[in-house]
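According to Swiss-Prot, the protein has these features:
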type: DNA_BIND; residues: 49-68; note: DNA-binding region
type: BINDING; residues: CYS69, CYS73, CYS114; note: Hg(2+) binding site
type: DOMAIN; residues: 15-109; note: domain 'HTH arsR-type'
Amino acid sequence: MKSPALAGSLATAEVPCTHPDTTARFFRALADPTRLKLLQFILRGERTSAECVEHAGISQPRVSVHLSCLVDCGYVSARRDGKKLRYSVGDPRVADLVMLARCLAADNAAALDCCTRIPGEGEQR
C-alpha cells in the first residue's frame, strides 16, 4: 500500500521548467546521508553549529562543510547570533520534500536494497 502522502500528484502541476542538470544537482545536495541527517535535525527547530556537531557525531569542520552546502543550495538559512551561527529551514516545502522522500523510500525499500547501480552508505561503486 502506498503512503498517504503520495495520494496527490504534482506531475500535472504548472511549475517553472528547469534544466535536468539543475534538478539533478538539487537532489545531489541531499544525496549525502550526513547532510540529510543534519537537515532532518534542523527541520525540528533552529540549531547551532555545536548542536549539529553533537547530533551528527562527526568533527566540527566536517559538519561545517555539510551545513555550508545546505545553505549554499538554499535548503537551510544561517543567521549570526553573537559568536554563534544558528541554522533554520525557512521554506516549508523542504519539510514536505523530506517527508515525501522518506515515504517513497519506505514504499520502495526492497527495490532500493536490491539496486546495485547506486551504492549504499559506506559502499563504493
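In case you wondered, yes, glycine gets a Cβ from its N, Cα and C as well.
Features recorded in Swiss-Prot, as mapped to the structure shown.
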residue : record              : CB count, 10 Å
CYS69   : Hg(2+) binding site : 18
CYS73   : Hg(2+) binding site : 14
CYS114  : Hg(2+) binding site : 7
Short question: which residues 6 or more past the ends of the DNA-binding region (49-68) have a Cβ under 8 Å from it?
32, 34-35, 37-38, 41-42, 76, 78, 84-85, 87
